[in-house]
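Step one of this worksheet: look at the structure below.
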Amino acid sequence: MSEKQPVKVAVTGAAGQIAYSLLFRIANGDMLGNEQPVHLNMLEIPQALGALEGVCMELEDCAFPLLAGMDTFDDPARAFEGASYVLLVGARPRTKGMERKDLLEANGRIFTEQGRALNDNAPDDVRVLVVGNPANTNCLVAMENAPDIPRERFTAMTRLDHNRALAQLARKTGVPVSRITRMTIWGNHSTTQYPDVFHALVDGRPAFDAIGRDRNWLENEFIPTVQKRGAAVIEARGASSAASAANAAIDHVRDWALGTANGDWVSMAVPSDGSYGVDEGLVSSFPCRCAGGNWEIVQGLEIDEFSRSRIEASVAELREERDAVRSLGLVPA
Ligand SMILES: NC(=O)C1=CN([C@@H]2O[C@H](COP(=O)(O)OP(=O)(O)OC[C@H]3O[C@@H](n4cnc5c(N)ncnc54)[C@H](O)[C@@H]3O)[C@@H](O)[C@H]2O)C=CC1
Ligand SMILES: O=C([O-])CC(=O)C(=O)O
């Protein structure tokens with residue numbers, strides 16, 4: 001066992017399918033490093049606490065050296081006490097034929113309550129990742145209901161889209177994902193998202209050259225494949241992505257906590273400061289670099305007409321979602 005003090009990590013939706021992969025990865029040290037003990041605070045609705053007991057038994061049976069302790073809760077206020085990292089996963093997933101924003105009302109209410117609970121109970125060093133859909137706007141709801149927590153502590157997950165884009169580009173170019181850098185997802189975690197290869201590098205050279213400047217592939221295969229990958233998995237599996245979503249959550253928090261390497265960047269949905277013309281306060285995906293536990297939007301990228309219109313379309317959807325949660329009374333007007 002390491003000498004370090006355990007860090008508390010709260011995970012909501014702890015008996016759900018994403019958590020069934022996520023909790024084990026966290027306990028294994030994949031998220032905060034293999035010298036950092038963790039204590040898991042797991043939140044569920046009362047009806048799922050029985051199933052959660054089973055998950056706890058399995059966590060125990062793994063005998064993870066870094067798992068210093070675990071507790072289960074059905075009260076967010078108690079679950080968030082002392083938690084340095086809070087992963088808000090618990091929410092209804094969409095099923096076949098739905099768009100993620102169809103979940104806005106049902107899931108948005110969860111994030112009002114959890115935002116308030118974070119505001120009143122989370123420690124000063126809390127960092128929040130929202131995974132539950134629609135992730136960007138749920139994050140906005142939580143953030144707006146937690147006025148005492150600095151806004152930059154709220155992020156939402158577009159890392160799965162980022163990883164999907166890396167995988168598609170690797171498949172097209174025949175170059176391993178490890179040699180592809182500077183991928184960017186802009187906007188919403190939805191079908192309007194814009195996976196942007198124009199700044200990406202494949203083996204150090206521009207990705208657009210590496211794909212043979214094949215605009216047809218880019219516009220008619222790559223972009224739609226990444227945008228619709230979530231639906232494709234639901235169609236094939238009968239349930240939404242779980243292990244890959246958990247993996248992306250691990251990647252997101254690991255890079256935020258421990259830093260991005262070698263000048264590379266990652267995609268994170270973060271509250272906009274107006275960069276790249278994205279309305280201030282919307283939680284939108286940007287290229288981000290992380291160091292010292294903080295993220296920063298990569299500045300100065302050239303955005304051509306094509307990219308600009310794609311980003312604008314996704315931001316327009318985020319605006320609509322923000323207006324919808326405002327009119328539902330989930331965030332202050
Ligand atoms: N941002 C992203 O890239 C992705 C997001 N997702 C989203 O993540 C969410 C969770 O997905 P799954 O784990 O597959 O769903 P799931 O239905 O298997 O699990 C969700 C769990 O959340 C619990 N839950 C519901 N309300 C809660 C509350 N108020 N507090 C605590 N727990 C609560 C449920 O009891 C359930 O056990 C869904 O909204 C899904 O759409 C899924 C994949 C990727
Ligand atoms: O598509 C869904 O509903 C689940 C999800 O967010 C994803 O897989 O990207």
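All positions are counted from 1 along the displayed chain.
Cβ from N, Cα, C; glycine included.
Mapped onto three states, the DSSP output places His189 (active site, proton acceptor) in coil. Taking a C-beta cut-off of under 8 Å and a sequence gap of six or more, His189 (active site, proton acceptor) has these contacts in its own chain: Arg100, Asn133, Pro134, Ala135, Asn136, Ala156, Met157, Thr158, Leu160, Asp161, Ala269, Ser285. The active site, proton acceptor annotation in TrEMBL covers His189.
Sequence annotations record features per position, and here TrEMBL assigns NAD(+) binding site to Gly13, Ala14, Ala15, Gly16, Gln17, Ile18, Ala19, Asn107, Gln114, Val131, Gly132, Asn133. Shown in sequence order, Ala19, Leu43, Glu44, Leu88, Val89, Gly90, Ala91, Gly132 are the residues of the chain, 6+ apart in sequence, with a C-beta less than 8 angstroms from the C-beta of Gly13 (NAD(+) binding site).
The substrate binding site annotation in TrEMBL covers Arg94, Arg100, Asn133, Arg164. Arg100 (substrate binding site) falls within a helical segment according to DSSP.
Using DSSP to sort the residues of the domain 'Lactate/malate dehydrogenase N-terminal' (7-151) gives these counts of helix, strand and coil: 65 helix, 27 strand, 53 coil. Per TrEMBL, the feature domain 'Lactate/malate dehydrogenase N-terminal' maps to 7-151.
Taken as a whole, the domain 'Lactate/malate dehydrogenase C-terminal' (158-324) shows an average pLDDT of 98 in this prediction. If you look up TrEMBL, you'll see 158-324 marked as domain 'Lactate/malate dehydrogenase C-terminal'.
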Neighbourhood of ligand 2 - binding-site residues from Gly13, Ala15, Gln17, Arg94, Gly132, Asn133 with Cβ under 6 Å: Arg94, Asn133
C-alpha spacing of Arg94 (substrate binding site) relative to Ala15 (NAD(+) binding site), in angstrom: 17
Cα-Cα distance, maximum over Gly13, Ala14, Ala15, Gly16, Gln17, Ile18, Ala19, Asn107, Gln114, Val131, Gly132, Asn133, record's NAD(+) binders, Å: 20
Among Arg94, Arg100, Arg164 [binding-site residues], residue with fewest other Cβ within 10 Å: Arg94
